[in-house]
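As recorded in Swiss-Prot, the features of this protein are as follows:
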BINDING   GLY12, PRO13, SER14, GLY15, ALA16, GLY17, LYS18, ASP19  ATP binding site
Amino acid sequence: MNASGTFFFVVGPSGAGKDALMDGARAALDDNYVFARRVITRPEGAVGEAHEAVSEAEFARRQRSGEFLVTWDAHDLRYGLPCSLMSELERGRHVVANGSRAVIAELAQRLPRFVVVLVTAPQDVLARRIAARGRESGEQIARRVARTGAALPPEVRCLTVLNDSTLEVGRARFVEALRHGTRVASDGAPASRTNLMAKLRGEPLDQAAYVAVLQDAMAGRYTEAELTEFLVAATRSLDDQEVVALARARTVFTPRIKWDEPIVVDKHSIGGVPGSRITLIVVPIVAAYGLAMPKTSSRAITSAAGTADAMETVARVDLAHDDVRRCVAQARACIAWNGRLNHSVVDDVMNAITRPLRLDSRRWAVASILSKKYTAGATHVIVDLPYGPQTKLATRADAEALGAMFEHVGKGLGLHVRALVTDGSRPIGRGIGPALEVRDVRQVLANDPCAPADLREKALRFAGEIIAFDARVGSPAEGLRIATALLSEGKAKAAFDRIAATQGARPEPVAPGAHTCVVSATMQGRVAAIDGLRISGVARAAGAPRELGAGVDLLCTIGAKVESGQPLYRIHAGSDAALAAAAALARAGGECSEAVRIDPD
């Protein structure tokens, strides 16, 4: 059988949106692409894809007669792809079929031009989509999105499509993947293979070599096994100048945004500290001063809140490029979700490998982060590097070394980068979860005496450093003085309100969840530590960040004396069921039960 078309086998986790992307591709592609109609032992007209419904007996008969190319079982149903699809391949048409990872190896052995299309999305996006169906509880959803699919056979070609933005963006990425995939089997050995092999031997690559490897990787010309070897080698031998070369290579794939501004500011934090929502304070202070700060941020993946989740409690964050320009023109800044703005095809391919393997890819990440700041049009970048026992950087020395790397690579890209090492050993602020963190932010902006002092102090430090990027200011100390005045005089609050209004403010901010319970001390003593990972675990069990009002409100501070029975923190949730799940995790001896450690006096 001489099949000349390409067989695309689409897989991905629940909530990834495979069916929606395939529907869009069906309308966008020409007749040279055939979309398989699966045979399923499910009634005609049932919820789900259009399919050929058959009885169990009829399915078994067809299987015995050899009428299926492949079959599999899932969710108490039987699925099959008809052998007639081989005729389409022989005519040179490309087949697109939605299927199961379990049969990938079998199909790869039978089909000469076989490409897996892996549709994926961050866990928080998957969870929101599954929750919107209304068929599963929060706990069931959490378990579902935490599952990891079986590893793909190493010899199989795989194209990854990140579907974390709008349906329109997702469909465009999916269609582009299919078009790339038609060339995978016919291109032969990638032209950049000599570069890849050099990296496997530990040799440094220059910018041109990285461009060539990345182009072939994005086109699906390397197997997942080959890319894994490449990334493992890169994490072991990537010297300072090579990180600069990699960062420059990445900028080739995205045109740089042009701003008619002498200074365009951006900020990045490597995260890992619960609370610490300083961006929502820093940006309006900087905007009130007059510098342009088009800030784009991520949603949470494993934490209780991301900057975009927090801002979404007060305003729209899914801005397009024109919206960002309008916000900067009218309000000098924005705080937007980066899903529609800073998408990197390179990251789609590489993150699919580095995240499951938990590779120490910090140097690779520096190149990724700063290349995206460059293409976003930033001229000056400040980086927050918290260190502590539960952050990504264990020691101050680790943070200082990474800070030096950020500044070195930034210089290589023509950026002015300032990296600040900060204490990440404890939560900053009292709220953990989108609405609760924004409550703290609004207290700081309003100069409320109850505002968390640590949140205010850290935000002012970063705002002062950014304002000092303006040569007229002269020093970070003077920048801090200016930032403090802008905050104290209410100008930062006015700037925040203006930014929210320009983005599209909610009529009322999302309030903390109304379903609450308190976790109290079981002994007398002093608060010795607040475990950020465990306290975030309780907040996530309560529904954060999917439920914007869910989270934890800290009622104690490290070093404070507490009595037995004294409240330590309050859990907020959007439902009784979510509250019960979080409370059980906090109290029943689970991993989060010692979120606040008390030592006897």
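Note that the numbers count up from 1, one per residue, in the order the chain is shown.
Yeah, the Cβs are placed from backbone N, Cα and C, and that goes for glycine too.
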With a radius of 8 angstroms around the mean position of the C-beta atoms of GLY12, PRO13, SER14, GLY15, ALA16, GLY17, LYS18, ASP19, what other residues of the same chain does the ATP site pick up? VAL119, ALA121, LEU126, ARG129, ASN163
Give the sequence-ordered list of residues that share a chain with GLY15 (ATP binding site), lie 6 or more positions from it, and have CB atoms under 8 Å from its CB. ALA121, VAL125, LEU126, ALA127, ARG128, ARG129, ILE130, ARG144, VAL145
If one looks at the chain holding PRO13 (ATP binding site), which residues at least 6 apart in sequence have a CB under 8 angstroms from its CB? THR120, ALA121, LEU126, ARG144, VAL145, ARG147, GLY149
Cβ neighbour count within 10 Å of SER14 (ATP binding site): 15
One finds that other Cβ atoms within 10 Å of the Cβ of GLY17 (ATP binding site) number exactly 24
Would you mind ranking the binding-site residues ALA16, ASP19 by how many other Cβ atoms sit within 10 Å of each Cβ and giving me the lowest? ASP19
